[in-house]
Amino acid sequence: MAWGVALWSLATLLTPWAANHSTVALLAVRAFFGLAEGVALPSMSTLSSRWFPSHERASAVGISMAGFHLGNVIGLLLTPIMLSTVGISGPFILFSSLGLLWLTRWANGVTSDPRDSPFVSKSELRLIQAGKTDSPASDGQFPPLRLLLSKAPSWAIIFANITNNWGYFVLLSWMPIYFNTVFNVNLKQAAWFSAVPWGTMAVSGYVAGALSDSLIKAGYSLTIVRKIMQSIGFIGPGVSLLCLNYAKTPVTAAALMTIALSLSSFSQAGFLLNMQDIAPQYAGFLHGIANSAGTLAAIISTIGTGYFVQWLGSFQAFLTVTAGLYFVTAIFWNLYATGERVF
């Protein structure tokens, strides 16, 4: 995690220079940024499986992912302002500096395992270990990839990641264009319309985590809880995107987008945690596999949305297709996902 943040902050800082130098340099720096950033969620998955008992993980991930979503809010709001006042380099310098500042605190206060932390008391360590149903940490050997891919619960997670990233990055990358194209809202105003849903997503993600943990404490099985959370996380956004086709004003559209993204954050207590359920020793490895597939979907959706919209004839038709993807994956998830350990 530390190396990832350090390297992607450096890549962010170098981006304006690379853009001024050549297209090849810019693509190389951005590719380096992506490689460094790719370690974040798998590392978080591994750390949360080690640091939190089963009945607290959803809340912990909800709090962690709140930062992820609030980062989108800050980026969407600050970047247009800084571009118009400071210039093209301003946002890159600011965000890379924040990453390096965060790194100094992380390096001095965080360990990979609570047993190695000087800030964890013996009583707290006993509480953490007592609430974990998984076995001790892995010896570093990864399970055969063929084994991981031979189990239906693994594919349920992979398909869920693909669908989640498809919808997430379509909304993140294209909503300002959507507001500008459909409602003639200029891009500076569109930043405000696009930022609102991410702020509420930070709140709803924590609510989903707290609700999930409370259901587990009440005696519901992990399988039932994960299926409930993921069903909300896919069916809710699907219905909201269908309703978005009938939005007549940008305010209505922003409200429906807010509902869609708020409900999609329930996935954090679904497939995102399920990796730790079925493969506690290899949660980061499985997360890396699923996230690779999800990232490919994000690339296709981000680059291809314009072509899909042109092919289908409208943004509304494309949103309907995306809603259908949410529904199909929700069905697959409920058929094959499990909260029981598989690996």
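Each residue, glycine too, has its Cβ placed from N, Cα and C.
Note that this is a predicted model, so its numbers are computed, not measured.
The annotation signal peptide is assigned in TrEMBL to 1-19. Residues 25-26, 28-30, 32-33, 35-40, 43-44, 47, 88-89, 92-93, 95-97, 99-100, 102-103, 106-107 of the same chain lie 6 or more positions beyond the ends of the signal peptide (1-19) yet place their CB under 8 Å from a CB of it.
Under the heading domain 'Major facilitator superfamily (MFS) profile', TrEMBL lists 1-341.
Cβ atoms under 8 Å from those of the transmembrane segment (155-175) belong to residues 72, 149, 190, 193-194, 197, 230, 233-234, 237, 241, 257, 260-261, 264, 267, 270-271, 274-275, 278, 286, 289-291, 293-298, 300-302, 305, 322, 325-326, 329, 332-333, 335-337 of the same chain, restricted to positions at least 6 beyond its ends. The transmembrane segment annotation in TrEMBL covers 155-175 (among others).
Per TrEMBL, the feature transmembrane segment maps to 195-216 (among others). Remote same-chain partners of the transmembrane segment (195-216), defined as residues 6 or more beyond its termini with a Cβ less than 8 Å from a stretch Cβ, comprise 54-63, 65-67, 69-70, 72-73, 76-77, 171, 222, 224-225, 228-229, 232-233, 254, 257-258, 260-266, 268-269, 273.
Annotation comment: TrEMBL describes 253-273 (among others) as transmembrane segment.
Feature annotation from TrEMBL assigns transmembrane segment to 285-309 (among others). Within the chain, the transmembrane segment (285-309) has long-range Cβ neighbours (under 8 A, six or more residues past its boundaries) at 38, 41-42, 45-46, 142-143, 145, 148-149, 154, 157-158, 160-170, 173-174, 271, 275, 278-279, 315, 317-318, 321, 343.
Annotation source TrEMBL lists transmembrane segment at 315-336 (among others).
Same-chain residues lying 6 or more positions outside the transmembrane segment (315-336) and placing a CB less than 8 Å from one of its CB atoms are 152-153, 155-156, 159-160, 162-163, 166-167, 170, 178, 181-182, 227, 230-231, 234-235, 237-239, 241-242, 244-245, 270-271, 305, 308-309. Residues 45, 57-58, 61-62, 65, 69, 156-157, 160-161, 164, 167-168, 171, 175, 178-179, 182-183, 193-194, 196-198, 200-205, 208-209, 211-212, 225-227, 229-234, 236-237, 240-241, 243-244, 247, 290, 333, 337 of the same chain, all 6+ positions outside the transmembrane segment (253-273), place their C-beta atoms under 8 angstroms from a C-beta of that stretch.
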